[in-house]
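Annotated features, as they stand in TrEMBL:
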- B:29-50: transmembrane segment (TRANSMEM)
- B:80-97: transmembrane segment (TRANSMEM)
- B:109-128: transmembrane segment (TRANSMEM)
- B:131-414: domain 'NADH:quinone oxidoreductase/Mrp antiporter transmembrane' (DOMAIN)
- B:134-151: transmembrane segment (TRANSMEM)
- B:163-187: transmembrane segment (TRANSMEM)
- B:207-231: transmembrane segment (TRANSMEM)
- B:243-260: transmembrane segment (TRANSMEM)
- B:272-293: transmembrane segment (TRANSMEM)
- B:300-319: transmembrane segment (TRANSMEM)
- B:331-349: transmembrane segment (TRANSMEM)
- B:409-430: transmembrane segment (TRANSMEM)
- B:461-483: transmembrane segment (TRANSMEM)
Amino acid sequence: MTTVNLVMAATVGVLYGTGFTLLLSRSLMRVLIGVVVLGHGTNLLLQLAGGPPGRPPILGVVPPEEFTDPLPQALALTAIVITFALTTFLLALGYRSYVLVGHDEVQDDVEDRRIARQKAPSAPLEDGNGEEPS
Amino acid sequence: MSSLLPLPVLLPMLGAALSIVASRWATLQRVVGIVVLTAVAVTAAVLLVAADGQGPIVAELGGWPAPVGIALVADRLSALLLLVSTLVTLAVLGYAIDQRIVDYGRATASTTFHPMYLMLCAGVSLAYLTADLFTLFVAFELMLTASYVLITRRTGADRIRAGMTYVTVSLLSSLLFLTAVAMVYAATGTVNLADLAGRVGQLPAGLQTVLALMLLVVFGIKAAIVPLHFWLPDSYPNAPGPVAALFAGLLTKVSFYALLRTQTLVFPREEPWTLVLVLSAATMLVGVLGALAQNDLNRLLSFLLVSHIGFLLYGLAVFDAAGVSGATLYAAHHITVLATLFLVSGLITRRTGTVALDRMGGLLRTSPGLAILFAIPALTLAGVPPTAGFVAKLALLQAGAASGPAEQAVAGVVVVASLLTLYALVRVWVRVFWGEPVPPEPDTDPDDEVLVGTARTSVPMYAATAGLITVSLAIAVFAGPLAGMTERAGVDLLDRGPYRVAVLGEGR
């Protein structure tokens, strides 16, 4: 049974908390930063999953018992590449939204707007919704 | 035989690369797509026959034996779903190609559509075939990244919100998936599914529950299980017709397959799973009641899609061979019928120029063929005999009836949800096809990819839709042999032995 580094575990917790908080905001830039922070937290967690750090593996300079586990590092590397690619994609999406709409705020969804209209029937239709042609 | 296994992943990837190179030659691009997917379908059929005859087929990538290396496995479940999915992607591609020819002319090639479409197919194949939890994550990313591009390309201002919701929710669930992988690895020291099946049983019961629930949440978001379904009816209706059909047919079902595979293989149960039973009843009811409240044809179909994920979950909740086998049969039927309905909806909206049901009418006079094309999948989805939906629902109900009282109670919900589905779809049929013909409305945003109201359709678009209906009818005609095969698949899934021996070798 291996023990977990408390500082690392706490860091992962803080990164997850920050990431989720940012994800809940309306601005797409904040959402993007939330995804980045959350991605860092996840990658750190993957590293933690490999157990305590050890000597460099595979090179053959130390006996296998002292190796650090290389698999989580390989997994984290793959995950970093994927998160990076998707971050740039989100960035492009945010820019597209800024160009098209003038801001990068996430708008109300269709049901929200429909309920708002039932409360105040004179409220204007913002843009295409369930009843509008598409 | 095992050398065939990488083909369903490799061929679409190579095809995607070739489509980028061939982005100036429109015809070559189209031929590449069709040929590649046909080859994958043939491979899947061969794998299915072989897996049914001689047990799971395994390929070890790079020559490293599992659990060190990554293994690809085709057993009855994965080969069957791979075959059905590929037939659907082939038909939808035919439809999409023809829609593009109608809209943009024969000479216009696409730099993004074909490559992304084939990459999505590669991701779907990899998700079905992999025997490794982390490779499953990579497969989902492959599939989802392609889907992000497909859902956001050429969007107008009013649709970009839907794309954002979809991308953000999918990203979140992917990061949770990665978290679950890290947790599983920290607890067991392996990510190979067959190896996990042996090791997870030795963990403390509480830890097993945590890992099982994490994976349930992850795949629950991706498969749109109530209460994690909210993103789906918000994003799918905003995708262009063929893309919505592709997503509706495949993405949620691949997630359900991953849920079925991990829960049966890694976290086996003796008793029915009460939590999933409750979730399945909630999914069925929330989905179908949501559908009844809609006036937008595509949103209505999206809610019905959510509702019928509940039927799949019901089979998993019963957690015996009959239940799992029923869920497998239902998944095969569900993939074809939802894709068909979204394709028909695409044809309808091109005729009417609107998705609002109260502004349509009289299509029975202007295009009677469409009425038949809509009626057959609608009756199939509702489960009217003798369609494939009836056969699949009967298998689920029989499994539930043979189980405990709670399962029998939820079997009542299955029947109610089926009747409400029928009601919702009959309402659509009456609104769209009955009454006085309404002239088509003009396209409000000619720039975006979602073209409605052009009133232009072509024979191959109808032919592709009819082809999918044929697949669905074939499931009904061959229901006997198919049910036999899914029963054997269900027994295999709960036995776990053949899969583990095939991946790890004897004596593990």
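Using N, Cα and C of the backbone, Cβ positions are placed for all residues, glycine too.
Within the chain carrying the transmembrane segment (B:80-97), a Cβ under 8 angstroms from the stretch's Cβ atoms is held by residues 8, 30, 33-34, 37-38, 40-41, 44-45, 47-48, 74, 113, 117, 121, 124-125, 128-129, 241-243, 245-246, 249-250, 253-254, 257, 328, 331-332, 335-336, 339, 343, 346, 460-461, 463-465, 467-468, 471, 485-486, 489, all 6 or more beyond its ends. Between the transmembrane segment (B:109-128) and the stretches B:163-187, B:207-231, B:243-260, B:272-293, Cβ pairs under 8 Å are most numerous for B:243-260. By the Cβ criterion (under 8 Å, sequence separation of 6 or more), the transmembrane segment (B:243-260) is in contact with the transmembrane segment (B:207-231), since 3+ such pairs are found. Sequence-distant contacts of the transmembrane segment (B:207-231) (same chain, six or more residues past either end, CB-CB distance under 8 Å): 140, 165-166, 169-170, 172-173, 176-177, 179-180, 183-184, 187, 200-201, 251-253, 255-256, 258-259, 262-263, 266-267, 275-276, 279, 282-283, 286-287, 305-306, 309-310, 313.
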